[in-house]
Amino acid sequence: SFAVGSSYGAAPDPLEAQREVCELNPDCDELADHIGFQEAYRRFYGPV
């Protein structure tokens, strides 16, 4: 059987969409370099 999120194949990163949004915002991207993506995203867009 196949389980979603199993070790077979590359499981999609649930935060990938938010990471892309932050990377497209120069201010969020810069802040992420200093405090990490999740915290930078939270400051700009609210809870991840």
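Using N, Cα and C of the backbone, Cβ positions are placed for all residues, glycine too.
What Swiss-Prot says about this protein:
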type	residues	note
BINDING	GLU16	Ca(2+) 1 binding site
BINDING	GLU20, GLU23	Ca(2+) 2 binding site
BINDING	GLU23, ASP29	Ca(2+) 3 binding site
DOMAIN	1-46	domain 'Gla'
MOD_RES	GLU16	4-carboxyglutamate
MOD_RES	GLU20	4-carboxyglutamate
MOD_RES	GLU23	4-carboxyglutamate
Out of GLU16, GLU20, GLU23, ASP29, which has the highest number of nearby Cβ atoms, where nearby means within 10 Å of its Cβ, if these are the binding-site residues? ASP29
With DSSP assignments reduced to helix, strand and coil, which class does GLU23 (Ca(2+) 2 binding site) get? helix
The correct three-state DSSP answer for ASP29 (Ca(2+) 3 binding site) is helix
Measuring Cα to Cα, tell me the gap between GLU16 (Ca(2+) 1 binding site) and GLU23 (Ca(2+) 2 binding site) in whole angstrom. 10
Rounded Cα distance in angstrom between GLU20 (Ca(2+) 2 binding site) and ASP29 (Ca(2+) 3 binding site) is 9
Cα separation, ASP29 (Ca(2+) 3 binding site) to GLU23 (Ca(2+) 2 binding site) (Å, whole number): 5
